[in-house]
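Below is one structure, written out as structure tokens; the observations come after it.
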Amino acid sequence: MDALDERQAATQRAASRLPSYIKFPALTLVSLGLSAFLYTVVADYTGPELASVSRNLEERWQLWAILGWKLAELFGAWYLRYDYMDLGWLTLLSNVPHYFLLNTFYGVDNLAALIPLAIDVVTIAIPFALFRGPIHARNSKKPRTANQLVAQDAGINWTIAAFAASLYTLVIYLSYSTWLTVWMTVHFDGLKTLEKAHTAVPWLLVLLFLPVGYGATQFIFVPAIGSAANPGITDPKIHPEKAPFNPETATFSETLAYNLGLSAAGFSPRAEILFKRTAILAVSSFANSFMRSYLTIEGTDLLGTAGWSSVWAVASALAGLAFAWVGDE
């Protein structure tokens, strides 16, 4: 274990001594305080760019809605018991649609979009790093299982990341080419440019979405493959165990769930992780994009933000299904 791991472990041990009822409020204060500090530091650079397209928050409910959404994100992250890397990647993936919208259609400078995105990621990852250790799939302590070795292999991760990036590209590019630009023009007042959407090149989009594909790989694929519940994807002789299903004693709801693949008998442990994380990513991508775009960007309406957000939810779901195919589910 290197010096960084030692310091992180010591910090986590200290945090573990806090009473359980204090941990979440403390984490919330650290996250909100760090966010306020970092946004203040970069305000001179990013402030004017973002202010030029921002909605005037004159109503008190708007401010409370933004704060409430932030608290809901933190509570959801705490309840799901993800580690800091899970949450860092999930935050990246669910915030990219908002900043991609600002950069592509509102002409916000690249750095003015990337800096607040980075702040959003670190202000949730750092507090959780203080309070939670890594999940089993990312635990580097030896001995590691065969599944952990697969989940932590850089070559495998980047190959699957490129695959996921190509799927994000497919959804975005097809949307550009068919309905999305017209939809944006109708439902988003104040758009400054459609040039990037009209001149998008697929292979450049793949490169642009490579970090997104890597994030999806880390959030969905790695935890599923490296989970302690996964009995052995690396061994073709071992098949994930499924709970027995007895049609004679099963209730109607259990039978329906089994036929849809939504029961313990229908899902292997690996597939259950894949399904749940894919659903969480798709819902988070839609909800976060919708809330941030509708509440903070001037000239947006409900239908417009719903249409934009749905594109990213579909891309996330498609990536998750592809990971299930790669995992032989």
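The backbone N, Cα and C atoms fix where each Cβ goes, and this holds for glycine too.
It should be emphasised that the depicted structure is a prediction, and the values quoted were computed from it without experimental measurement.
Per TrEMBL, transmembrane segment is recorded for 21-41, 61-80, 87-106, 112-135, 156-180, 200-222, 278-295, 307-326.
In summary, the transmembrane segment (112-135) lies against the transmembrane segment (21-41): three or more C-beta pairs, each 6 or more positions apart in sequence, are under 8 Å. Listed as Cβ neighbours of the transmembrane segment (200-222) (distance under 8 Å, sequence separation of 6 or more from its ends, same chain) are residues 85-86, 89-90, 92-93, 96, 137-138, 151-152, 157-158, 160-169, 172-173, 176, 274, 277-278, 281, 316, 319-320, 323, 326-327. Taking every recorded stretch in 21-41, 87-106, 278-295 and counting its Cβ pairs under 8 Å to the transmembrane segment (307-326), the highest total belongs to 278-295. When the stretches 21-41, 87-106, 156-180 are ranked by Cβ pairs under 8 Å to the transmembrane segment (278-295), first place goes to 87-106.
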